[in-house]
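Listed features, source Swiss-Prot:
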type	residues	note
DOMAIN	2-241	domain 'ABC transporter'
BINDING	Gly34, Pro35, Asn36, Gly37, Ser38, Gly39, Lys40, Thr41	ATP binding site
Amino acid sequence: MIRASDISVRLAGRQVLHGISLDAAPGAMTAIVGPNGSGKTTTLKAISGELTPSAGKVTINGRDIASLKPWELALKRGVLPQSTVISFPFTVREIVRLGLMANGGEASAHGRIADQALEAVDLAGFSGRFYQELSGGEQQRVQLARVLCQISAPVAAGEPRYLLLDEPVSSLDIRHQLTIMRLARQFCADGGGVVAVMHDLNLTSMFADQIVMMKAGRIRARGAPKDVLTDETMEAVFGCRMRVSVAPAHDIPFVLPQSATM
């Protein structure tokens with residue numbers, strides 16, 4: 001389990017997270033949602049170890065991440081950032097295989113693992129292409145393939161591993177949004193855990209087990225999608241009155257932007 005205990009973060013002298021506590025269990029997808037500037041990405045960076053909290057602590061499978069060496073942390077969780085700028089002319093294959101540096105293992109298997117990761121994100125046949133030649137959505141999927149190479153097994157040495165994804169479907173068409181979300185769900189079904197920053201509330205409702213809703217650096221609601229996505233919380237957090245509906249056959253809430261009033 002990833003556990004954040006009362007963490008606060010200060011950036012440039014301003015406190016941006018105020019006492020955040022959350023548990024992200026293996027076998028489950030935790031989605032962090034909220035308006036722009038609410039602290040979602042900062043929370044993900046804090047639980048990944050990229051940012052050091054000014055107060056509180058984060059543990060992964062019971063170990064304080066502050067006590068882990070970078071290579072140890074790299075074996076326990078993989079991180080997909082919001083965007084990645086690469087200035088050098090790397091091929092897709094070279095980018096994806098960077099994820100294998102933490103894994104070790106037989107070098108002879110690296111090509112197969114990279115090809116499997118590219119196939120999983122629907123980029124089979126792209127390995128020889130230059131990264132800069134790809135569309136934004138294709139680049140995003142290349143980076144996810146790299147993360148999958150790093151954390152290729154959801155469970156290793158008897159411990160769950162985690163994918164930390166910052167807006168993993170923001171640049172994708174609907175088909176590939178579903179592909180990536182189903183891939184994340186399968187990672188959970190196989191024993192790993194996923195924490196994802198999300199903006200699409202309908203995709204979040206379809207795939208997440210737990211929603212953590214943030215506003216102004218604080219958690220305003222948490223729980224199952226049907227408990228968090230309510231008319232009241234939507235208005236309180238996003239500042240617009242909106243009707244949350246439920247599909248009768250599946251008991252999954254969905255939000256129609258057409259119903260919003262400002």
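Using N, Cα and C of the backbone, Cβ positions are placed for all residues, glycine too.
Where Swiss-Prot records a feature, it is marked here on the structure.
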| residue | record | contacts (Cβ under 8 Å, 6+ apart) |
| --- | --- | --- |
| Gly34 | ATP binding site | Lys40, Met213, Met214, Lys215, Arg220, Val237 |
| Pro35 | ATP binding site | Lys215, Val237, Phe238, Gly239 |
| Asn36 | ATP binding site | none |
| Gly37 | ATP binding site | none |
| Ser38 | ATP binding site | Met214, Lys215, Ala216, Gly217, Val237 |
| Gly39 | ATP binding site | Val9, Val16, Leu17, Ile20, Met214, Ala216, Gly217, Arg218 |
| Thr41 | ATP binding site | Gln82, Asp166, Val197 |
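Per-residue pLDDT, averaged over the domain 'ABC transporter' (2-241), rounds to 94.
Summary of the ATP site environment: with the site residues Gly34, Pro35, Asn36, Gly37, Ser38, Gly39, Lys40, Thr41 set aside, the chain residues having Cβ atoms within 8 Å of the Cβ mean position are Met214, Lys215.
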